[in-house]
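Trainee: Here it is, the structure in full.
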Amino acid sequence: MTTPGTFEIHATDGAARTGCLHTAHGIVRTPIFMPVGTVGSVKAIAPDDLEAIGAEIILGNTYHLYLRPGDELVARRGGLHEFNAWRKPILTDSGGFQVFSLSGLRRIAEEGVEFRSHLDGSKHLFTPEKVVSIQRNLNSDIMMVLDECVPYGADRTYTEKSVGLTTRWAKRCRDAYPKGAAGNLLFGITQGGFFKDLRTRSIGELTDIDFDGFALGGLSVGEPKAEMMDLLYHSAPLLPADKPRYLMGVGTPLDIINGIAAGVDMFDCVLPTRNARNGTLYTSLGKLNIKRREFAEDDGPLDPACSCYTCRTFSRAYLRHLYTAKELLAFRLNSIHNLTYFLDLVRGARAAIAAGRFAEYKRSFEAIYPEEVVA
């Protein structure tokens with residue numbers, strides 16, 4: 001078995017690249033999209049569904065799993081893979097983004113971040129060491145360091161201090177879990193807000209620490225699309241070429257295409273499943289709102305170009321009926337389709353990169369989503 005953490009690049013096309021990352025629970029082919037299973041399950045989707053649509057890795061949330069059911073309870077059940085019956089790789093984020101989203105319910109200090117649970121108001125402290133310990137209990141294949149995600153609009157003075165804190169926390173995470181200590185991988189998270197020089201500084205400081213991969217954090221937090229893309233194309237090439245690059249929490253299909261074009265390998269976002277539950281579906285012709293009356297007697301498939309179970313089996317009319325009747329099956333069928341769309345997107349990207357035609361592939365998505373194209 002190849003050592004977990006081995007990252008192989010198979011082909012490049014411009015900055016875009018395709019390869020594979022070896023983990024303790026299998027190989028992840030990149031570029032990859034990771035369905036989000038916040039509390040240990042991808043909403044409305046069973047592990048068998050994920051297998052059927054070709055998911056290779058899913059994401060879990062450290063903050064939520066720590067609060068409920070508790071990381072120690074999960075550890076007693078053999079870890080998250082045994083607990084949720086997903087046998088392929090799992091990435092857990094550090095919970096930092098969720099904690100910092102609590103705003104008035106948290107306090108940041110050198111030691112870590114103190115916060116109150118959104119469930120019952122109980123007080124907790126996340127230190128870098130604690131976050132690593134929680135993720136070790138979950139036994140995820142890829143663990144993330146604790147970082148400070150600054151909000152959009154934070155000034156330079158605050159952001160500069162935050163970069164220093166994120167670096168110190170990252171070092172403490174690495175010290176708490178030395179490289180090669182077990183089969184779990186540990187990724188660093190670069191920050192820097194919306195200042196290019198601070199992004200560059202954060203990347204330099206984090207890459208001096210021997211992490212198994214590196215993430216771009218703090219993007220897609222309310223900033224204009226043009227600003228996000230400018231920072232993405234500035235930052236991604238600065239990350240080590242021989243390690244996997246992860247763009248956290250991003251995003252739309254065209255965001256992912258742009259991320260791949262910038263040299264990013266890994267993506268996650270709640271968008272496909274959240275939009276599925278709201279009746280917004282992604283197709284080869286763009287977004288479709290299944291609630292619209294025009295689909296009430298439409299016997300055609302949701303997307304003729306899609307081969308997922310939903311599109312092979314059911315009509316738009318039936319899907320609209322399920323949604324308007326508030327049937328739970330609508331959530332499952334819509335989610336199967338949207339996740340298939342996102343996974344097909346990265347599968348197509350891998351093929352396009354290998355064939356040397358990624359620029360053409362990118363243009364095809366720009367034609368589908370012209371409103372998202374940044375000049």
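Note that the numbers count up from 1, one per residue, in the order the chain is shown.
Quick reminder: no glycine exception, Cβ is built from N, Cα and C everywhere.
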Trainee: So Swiss-Prot lists Asp93, Ser94, Gly95, Gly96, Phe97, Asp147, Gln191 for substrate; which of Gly70, Gly121, Gly213, Gly218 goes with them?
Mentor: Gly218
Trainee: According to Swiss-Prot, which stretch among 153-157, 158-162, 223-227, 273-277 corresponds to the feature region 'RNA binding'?
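Mentor: In Swiss-Prot, residues 273-277 carry the label region 'RNA binding'.
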Trainee: Can you tell which of His321, His337 Swiss-Prot lists as binding Zn(2+) with Cys306, Cys308, Cys311?
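Mentor: Looking through His321, His337, the residue Swiss-Prot assigns to the Zn(2+) site is His337.
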Trainee: Of 200-206, 249-255, 291-297, which span is tagged region 'RNA binding' by Swiss-Prot?
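Mentor: The range carrying the region 'RNA binding' annotation in Swiss-Prot is 249-255.
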Trainee: Take the mean position of the Cβ atoms of Asp93, Ser94, Gly95, Gly96, Phe97, Asp147, Gln191, Gly218, the recorded substrate site. Which other residues of that chain put their Cβ within 8 Å of it?
Mentor: Phe100, Met144, Val145, Leu146, Glu148, Cys149, Ile189, Gly217, Met248
Trainee: Non-local Cβ contacts of Gly218 (substrate binding site) (under 8 Å, 6 or more apart, same chain)?
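Mentor: Same-chain residues close to Gly218 (substrate binding site) (Cβ under 8 Å, separated by 6 or more) are Cys149, Val150, Gln191, Gly192, Gly193.
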Trainee: My understanding is the cutoff is Cβ-Cβ under 8 Å with a sequence separation of 6 or more in the same chain; which residues meet that for Cys311 (Zn(2+) binding site)?
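Mentor: Expected: Pro301, Leu302, Asp303, Pro304, His337.
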Trainee: So around the Zn(2+) site, Cys306, Cys308, Cys311, His337 aside, which residues have their CB within 8 A of the centroid of those CB atoms?
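Mentor: Neighbours within 8 Å of the Cβ centroid, excluding Cys306, Cys308, Cys311, His337: Pro301, Leu302, Asp303, Ser307, Tyr309, Thr310, Arg312, Ile336, Thr340, Tyr341.
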Trainee: Under 8 Å Cβ to Cβ from Asp147 (substrate binding site), same chain, six or more residues apart: give me those in sequence order, or none if nothing qualifies.
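Mentor: Sequence-distant Cβ neighbours: Ser94, Gly96, Thr166, Trp169, Ala170, Ile189, Gln191, Gly217.
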Trainee: So, in DSSP terms, is Asp93 (substrate binding site) helix, strand, or coil?
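Mentor: For Asp93 (substrate binding site) - judged by DSSP and reduced to three states - the answer is strand.
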Trainee: Three states by DSSP: which one describes His337 (Zn(2+) binding site)?
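Mentor: For His337 (Zn(2+) binding site) - judged by DSSP and reduced to three states - the answer is helix.
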